[in-house]
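*Asks:* As annotated by TrEMBL, active site, proton donor/acceptor applies to A:Tyr138. What TrEMBL lists as active site, schiff-base intermediate with substrate is A:Lys166. As annotated by TrEMBL, pyruvate binding site applies to A:Thr50.
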There are 2 protein chains.
Amino acid sequence: MSAMSCFSGLSAFPITPTSPGGQVDTQALRRLVGPPAEAGVDSIGLLGSTGTYAYLARSERRRALDAALDAVASRVPLLVGVGALRTDEAVRLAQDAKAAGAAAGLLAAMSYTPLTEDEVFAHVAAVAGESGLPLCLYDNPATTHFRFTPALVGRLARLPGIVAVKSPAPEASAVAAHHAALRAAVPDGFSIGYSGDWNAAEALLAGGAAWYGVAAGLFPEPCLRIAQAARAGDAAGARTENARLEPLWALFRAHSSLRIMYAAAEILGVCRAAPPRPILPVAEPVRGEVATVLRQLGLA
Amino acid sequence: MSAMSCFSGLSAFPITPTSPGGQVDTQALRRLVGPPAEAGVDSIGLLGSTGTYAYLARSERRRALDAALDAVASRVPLLVGVGALRTDEAVRLAQDAKAAGAAAGLLAAMSYTPLTEDEVFAHVAAVAGESGLPLCLYDNPATTHFRFTPALVGRLARLPGIVAVKSPAPEASAVAAHHAALRAAVPDGFSIGYSGDWNAAEALLAGGAAWYGVAAGLFPEPCLRIAQAARAGDAAGARTENARLEPLWALFRAHSSLRIMYAAAEILGVCRAAPPRPILPVAEPVRGEVATVLRQLGLA
């Protein structure tokens with residue numbers, strides 16, 4: 001399965017259901033990754049931030065990866081989060097991903113001590129060089145507290161094996177300039193894709209190659225309609241489809257997409273897992289709002 | 001050893017020397033914790049942020065703790081970092097600390113997914129309740145990306161076993177208001193102490209009960225002079241002693257106290273450990289500046 005097919009179109013990022021002690025529920029994970037693969041997403045993004053990679057042991061991350069690869073068979077390529085606070089741990093995770101058969105890795109600049117650009121450069125270079133796994137840089141300052149500048153993305157894009165960036169989509173008024181700055185920094189063929197579901201339609205219309213989507217983990221069809229309209233250059237169509245999902249985006253913005261997706265998975269009867277503590281499930285009134293929104297959108 | 005003696009006066013926070021693979025060098029750690037204990041600091045703060053607790057496995061944190069407890073014997077109480085991204089892991093670390101004989105634990109609100117106040121409240125309550133270890137709340141937004149409000153500190157201070165807070169000392173013009181806001185939120189007897197070496201003298205003069213000090217890990221004497229002058233109400237003396245160390249504080253602000261302390265430990269011949277990657281040692285010219293400053297201050 002080609003790595004580059006992970007980096008265009010729609011990638012669906014499911015939650016990773018676990019026990020309270022952090023054991024992955026592989027049966028529930030299979031029920032999560034099968035339907036988006038069947039619906040026609042371009043890749044599955046396993047163990048992203050919503051997939052709580054940061055909270056899971058290496059052995060559990062491997063169990064999740066093996067189960068997901070088996071469940072999707074070779075219908076879609078699998079992109080997997082290999083981030084860790086320590087460089088040596090991230091190297092091992094990328095080696096595991098390569099050995100298991102993932103198409104590519106997603107590498108965030110997780111931090112505790114604030115990191116310099118040179119430190120992140122050396123970290124990414126070590127993971128790419130020691131694993132041989134094609135990598136997507138994962139820029140997510142809201143969780144990692146490190147921001148990849150276009151200049152750093154440009155430096156890293158020249159290393160062998162660094163093939164894409166997943167950037168947080170800014171709001172509509174800023175996305176064109178953001179995309180142009182990244183595009184100017186990287187070689188041709190380097191993929192610039194976006195996370196942040198509520199801003200993704202505009203990011204695709206601005207030229208983004210991929211949407212790394214959280215909602216697509218449970219609701220691939222409406223997300224595919226947005227992505228396909230944007231890819232076809234149908235801006236009005238993409239915006240109309242995106243506007244329909246605004247009640248879901250509002251819940252994501254208010255409570256985080258991670259917490260809302262755990263509630264949605266339970267409402268849909270897919271699994272009853274809670275996020276890893278200290279993260280708590282949303283309170284009962286919010287869960288009620290999620291159920292109402294899913295019903296109104298025809299998603300439950 | 002009383003927990004409360006960890007929470008007044010000067011607490012020295014050494015680095016934790018490790019191999020590149022993350023194994024604690026217990027012999028070097030003994031050489032680090034002995035001298036401040038001998039010099040008369042009020043407690044040792046093991047496995048703080050400078051002690052790279054966030055980067056070390058549970059088994060290595062236990063090895064460090066056992067070695068440090070043995071090295072200081074019962075000369076000073078030992079406060080130990082028990083923070084972790086997962087609540088169950090922080091509980092286990094606090095149980096380990098209690099079993100090993102630490103006087104108290106230091107609990108940061110480590111985060112990846114941004115946390116709510118209620119999530120941090122439940123996290124801290126679980127660690128205190130399930131371990132029985134007296135706890136100091138560790139407020140360090142620069143690394144954890146969670147800020148303890150005075151209201152949250154006040155709520156937590158009413159739980160059994162939550163006995164102190166380690167707050168980042170704001171600059172001189174803001175410290176009195178900061179201290180008053182915390183004082184108003186907590187019961188009598190709850191200890192309010194400060195980190196941030198370059199602002200610590202003013203924080204002590206404003207009423208802070210403790211200085212959780214990084215420089216004190218290698219340079220206890222000049223830090224003790226500051227702390228003792230402040231405690232005696234000798235503001236001019238405390239400020240004069242503090243001003244002497246300004247060249248060191250400037251290096252801390254420019255490169256982080258952690259990176260500078262690794263360089264200083266090597267310059268002093270205590271150990272040759274590097275910080276855990278992705279954190280890199282300071283570049284050679286900076287190391288030269290550290291050597292010059294230590295010589296000028298009579299510290300090397």
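Just so it is clear, glycine is given a Cβ too, placed from its N, Cα and C backbone atoms.
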*Asks:* For A:Thr50 (pyruvate binding site), what is the tally of other C-beta atoms lying within 10 angstroms of its C-beta?
*Replies:* 27
*Asks:* Near the residue listed as 'active site, proton donor/acceptor', which residues of its own chain have a C-beta under 8 A away, given they sit six or more steps off in sequence?
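*Replies:* A:Gly48, A:Gly81, A:Gly83, A:Leu106, A:Leu107, A:Ala108, A:Ala109, A:Thr144, A:Val165, A:Lys166 - these are the non-local Cβ neighbours of the residue listed as 'active site, proton donor/acceptor', listed in sequence order.
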*Asks:* What is the total of other Cβ atoms whose distance to the Cβ of the residue listed as 'active site, schiff-base intermediate with substrate' is within 10 Å?
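*Replies:* Around the residue listed as 'active site, schiff-base intermediate with substrate', other Cβ atoms within 10 Å: 29.
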